[in-house]
Amino acid sequence: MTTDLLASSPLSQPFFQHALLAGTPIAAACGLVGYFLVLRAQVFTADALSHVAFTGAMAALAFGCDLRLGLLVATVAIALLFGTLGRRARPDDVVIGSVFSWVLGLGAFFVSLYTTSRSTADGTAGVSVLFGSVFGISAGRATAAAWLAAGICLVMLIVARPLLFATVDEATAAARGVPVRLLGYGFLAAAGLSAAEATQAVGSLLLLGLLAAPAGAAIRLTDRPYRALALSAGLAVAETWAGLFASYAVPKMPPSFAIMAAATAVYAVTFLIRRPAATRPRIRTPAPARS
Amino acid sequence: MSRIMDPATEADERRVPAPGADGDGPVLALRDAAVRVGGRTLWSGVNLRVDAGEFTAVLGPNGVGKSTLVKLVLGTVPAAAGDVRVLGKPPGRANHRIGYMPQRRAFDTSMRLRGTDVVRMGLDGDHWGVPLPFPGPRRRAARARVEEVIELVGASAYAHRPIGQCSGGEQQRLLIAQALVRRPRLLLLDEPLDSLDLSHQGDVAALTGRICHREGVAVVMVAHDVNPILHHLDKVVYLAGGGSATGTPEEVITSATLTRLYGTRVEVLRASDGQLVVVGRPETTGGGHAAG
């Protein structure tokens, strides 16, 4: 009986199974990392990393190595570079902006190198890096991506509490012995890995949506940090599933589009939900001028 | 100019009753301490002894190194000379028994964390892993302690609101609760009255005085203006001109002592309500936000 049901369902299709296998842990990792990106006001860092992912993949293609190697090396290296250029492993916008455009320029260079020197056998590789090709992911790649994403999730759960302390209250956390700098670097590396992973699912142009939208929605829905963290991961997974099934049902819709549409729709809906206990901030008496 | 010790101060040092009948020794002891930052000696020859239940203020003009004194106690800045003991140990070894409240601006209004979450961070924010969502005795104990300390600072009414939506005074109370939640023996408060209006300054000062004298916590507070805390103070460290003076407020905040510290004519006037007005000190004309 189950086989009858499965035969007609997308779950019987190997390509769909692979997409779910890779997409689920990647979405969860993006949700966990995204919550801290939003809380630390580092969404721009993630945006830059998504473009770095493109350049890394193009460099790998141009030099003829594994695309995933290029993705991982580029995103993690640039994420750590951002950390060293910023104060206390918190990159500032000017640094990101400069590195970001330079890296994107490098990407353009690698694209032209790749298209002129390599055969045109895999001419759509650039497009699939930009927009993702989760339905084209092989069993081996899906398993590898799932393991790595699960590892990112585990690390994020282990560091969540001190990272939250360091994010909200850096000086106090440092005085309490929280390794603030190390956590800052570790978190940037995790963000880089997530960007590399998400590139394989939704593409480098769209991965920011998977990092920022579920987290933004979760933060709008609850004030409790760990509930928001769980909600962010849960929303990211649910939106990914919704996108994958919708894309299966309507083949004209690419999965990346469907996932992003679901993520954006959920985020938009949170603006319609008025939180009941949202007391307006009081009008503050300006502090008396000192001097 | 580098070493000024008021004779009265040394007398005062001797007057302090032998601390802790339980033989604990002073909570904080600085002997001839000096601090150098970037090759420049900020201050030297600072002597200070703080016992349990004593409220000490660190005063002085902007940029003189008041916050640096707090960092010295925390062990993040080394002493260039002299001896520093925190709870009988070198600085940095007893930080788990110190409640520290750094100088800060207010939380961003968009900060979506409740006051209780911020207080809870003071309790176990440095532990690894996420707190498990299952009820248990440890979780109940943690919640009870957070509630108790929020009650102590009188923040129960707004502790469940997002902290970004609390007023500056409310945020300061919650942060004091955060610093107190682990039952520290020493509370280091860096300009907690900064950016508060006058009535909130009085509230927070009274709260700190109450915690200090009733709960027996030693308090060291960096302050810009002594008046809001004057009635609660046991001791004052006045840093200026590379030197320092230590003693009771009546001994230190005098025309003679401050004139010697600043090296220019400074006059201390006492208003009828006991408030002190310092006339002629450089900071009253300088202003600015740079912290000492």
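Numbers here mean position along the shown chain, with the first residue as 1.
The backbone N, Cα and C atoms fix where each Cβ goes, glycine too.
Curation does not apply to TrEMBL; its annotations are automatic.
Residues 45-46, 134-139, 141-143, 145-146, 149-150, 152-153, 156-157, 160, 163-164, 167, 187, 190-191, 193-194, 197-198, 200-201, 207, 210-212, 214-216, 218-219, 228-229, 232-237, 239-241, 244, 248, 255 of the same chain lie 6+ residues outside the transmembrane segment (A:15-38) yet bring a C-beta within less than 8 angstroms of a C-beta in it. Annotated transmembrane segment per TrEMBL: A:15-38 (among others), in sequence order.
Within the chain, the transmembrane segment (A:59-82) has long-range Cβ neighbours (under 8 A, six or more residues past its boundaries) at 45, 48-49, 52-53, 91, 95-96, 99, 103, 106-107, 110-111, 113-114, 117-118, 122, 125-126, 129, 141, 144, 185, 188-189, 191-193, 195-196, 199-200. The feature transmembrane segment is assigned by TrEMBL to A:59-82 (among others).
What TrEMBL records for A:94-114 (among others) is transmembrane segment. Counting only same-chain residues 6+ beyond the ends of the transmembrane segment (A:94-114), those with a CB under 8 A from a CB of the stretch are 44-45, 47-48, 51-52, 54-55, 58-59, 61-62, 74, 78, 81-82, 85-86, 125-126.
The transmembrane segment annotation in TrEMBL covers A:145-166 (among others). Beyond the transmembrane segment (A:145-166), the same-chain residues lying 6 or more positions past its ends with a Cβ under 8 Å from any Cβ of the stretch are 21-22, 24-26, 28-29, 32-33, 36, 39, 137, 172-174, 176, 178-180, 183-184, 186-187, 190, 193-194, 197, 200-201, 225-226, 229, 233.
Long-range contacts of the transmembrane segment (A:178-196) within the same chain: residues 26, 29-30, 33-34, 36-37, 40, 42, 45-46, 49-50, 52-53, 56, 68, 71-72, 74-80, 82-83, 88-91, 148-149, 152, 155-156, 159, 162-163, 165-166, 170, 204, 207, 211, each at least 6 residues beyond the stretch ends and with a Cβ under 8 Å from a Cβ of the stretch. TrEMBL lists A:178-196 (among others) with the feature transmembrane segment.
Sequence annotations record features per position, and here TrEMBL assigns transmembrane segment to A:202-221 (among others).
Annotated transmembrane segment per TrEMBL: A:228-250 (among others), in sequence order. Residues 10, 13, 16, 19-20, 23-24, 26-28, 30-32, 34-35, 134-135, 153, 160, 201, 210, 213-215, 217-219, 221-222, 256-263, 266 of the same chain lie 6 or more positions beyond the ends of the transmembrane segment (A:228-250) yet place their CB under 8 Å from a CB of it.
The transmembrane segment annotation in TrEMBL covers A:256-274 (among others). Long-range contacts of the transmembrane segment (A:256-274) within its own chain (CB-CB distance under 8 A, at least 6 residues past either end) are made by residues 131-132, 134, 201-203, 206, 209-210, 213-214, 216-217, 220-221, 235-236, 238-240, 242-244, 246-247, 250.
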